[in-house]
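Asker: Mind having a look at this structure? Questions to follow.
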Amino acid sequence: MTEFAPVDPTSTDAWSQLAGIAEGFSPDLREWFATDPGRAGRYTLQAGDLTVDLSKNLLTEEILAHLVQLAKDVDVSGRFNAMITGEHINVTEDRAVLHTALRRPKNGADLVPPTGFVVDGADVDADVHATLDKVYAFADKVRSGAWTGITGKAIKTVVNIGIGGSDLGPVMVYEALKPYVQAGLECRFVSNIDPTDVYEKTANLDPETTLFIVASKTFGTLETLTNARLAREWLWNQLLASGAIEDTDAARAAAVAKHFVAVSTALDKVAAFGIDPENAFGFWDWVGGRFSIDSAIGTSVVVAIGPDNWREFLSGFHTIDEHMRTAPLEQNVPVLMGLLNVWYSNFLKAQSHAVLPYAQYLHRFPAYLQQLTMESNGKSVRWDGTSVTTDTGEIFWGEPGTNGQHAFYQLIHQGTRLVPADFIAVANPAHPLKDETGDGAAVEPGQDVHGLFMANFFAQTKALAFGKTAAEVRAEGTDESVVPARSFSGNRPTTSILAPALTPSVVGQLIALYEHIVFTEGTIWGIDSFDQWGVELGKQLALQVAPAVDGDADALAAQDSSTKALISKYLELRN
Ligand code: F6P
């Protein structure tokens, strides 16, 4: 067990003070802004390239002081320090938690801990950079065409096969950094064990120019290994059909050697699959799956965007790691955003948190964050095995704006539930298109479309914060019968995050920001944010149920009556 026994946050004076404020709390953002011209300036902070405006949150100086005191009481800074120096803060798996080490610069001066620090007998920096160098050399070979398929053709499509952290990170970052992808290269991502996924992703692919990356930390995940076998079968069948290889075991093995590489911590299992360990990139059990995009798990993206952009991506993470480590708590963006989440979920009873990127390239960011936040903090016991003392793990969800505006924003604006939301945007778009014709009314000819997009970004947080009173609605001449339906209460909290552009560094900064928000909340609640035992039971039962689904009568008879009836219906319907 870690020497950092969890402090029960509910036993602190700060908690009692916050609970007292929450009772009968009636925030008034209109009034707070009207009477305090310094509010926006005071609550707008900088972390790396991210300008973060917290002022439209339901926050006062008094609340802020108690939240910061709460972070001190549970020692967020001390535990962060324990994490980055390699203490086994993942207690249920008895592991260090060192994703921050994945992005430390090579031989960086003034690093904390210093370059060459040793954890569990290994020089962490040396290991990380040796693997990075191997991934970079491989990526360069694929990008230059020096790595060829079995018939000597250069690779055009990289298919990453993985699930959870071995998929969501790579696909999200690939999508986010599309403008940086080398022309002529494409990545696809297979994750679901639904055979449709591998079928669709291999459709129209030329096997001679396709490279599969099997990405699995454990190399034991049912979905990934099944999909890898399906992909291998597809490769062999296609190459045999075109006469590119002969029907021999040696030819099949040679095809795998040229068209399959792996990323895993289990290199023995990689070899058993038939992939040469020379063509495998390792990482370590101190990298959690959902914290692994900046490890070799990102190899598909390194190939796509190249080592220089990847270095920039890693430096973005490191910038936020340093901010988290050094900024005073009162100005520490991830800590404050984590504390605000605690304020909303534990005291104001919010059950969910929306993340709304106003950047189409970030369209997979909410899905990525769902694993990061909910697999980490969806826990009911603390790291010493005792029950949690308060609610944990709010539900994270979202979609890119403006699509969400025409779907679920109605509930955020006028529903009965409190939904705190993060709005994320960049000032400079990758494609600065203009609407040359306009609409002859609201949209002028030559309108910068990104400007129009950003007007929505700014308008939404304004509407949510300040609402529209019944008097204002009436003053527009609205029929009295619909005044209530057309009024907006306001006081719906948002955080606005604005970056200069969606560069590799900014994407790294955004990911690290949310990693440390998760850390802050987990530390307040006293939970181990780095294990994921909750996914195990379903995995075990799927294997137990599989024979029944395949028609084994004894296995079917052993099921509960609901499951038995469902499987029987399935068997009846299945042709
Ligand atoms: O089942 C959950 C999980 O263990 C995630 O934490 C992980 O990201 C995912 O499965 C994939 O695991 P692996 O990389 O070992 O295949």
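Just so you know, glycine gets a Cβ as well, placed from its N, Cα and C.
Per TrEMBL, the features are:
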{"type": "ACT_SITE", "residues": "Glu375", "note": "active site, proton donor"}
{"type": "ACT_SITE", "residues": "His406", "note": "active site"}
{"type": "ACT_SITE", "residues": "Lys539", "note": "active site"}
Asker: Here are the active-site residues: Glu375, His406, Lys539. Which has the lowest count of other Cβ atoms within 10 Å?
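Answerer: Taking Glu375, His406, Lys539 as the active-site residues, the minimal 10 Å Cβ count falls on His406.
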Asker: Which whole-number value in Å describes the distance between the Cα atoms of Lys539 (active site) and His406 (active site)?
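Answerer: Checking the Cα atoms of Lys539 (active site) and His406 (active site) gives a distance of 37 Å.
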Asker: Taking just the CA atoms, what is the gap between His406 (active site) and the residue listed as 'active site, proton donor' in Å?
Answerer: 29
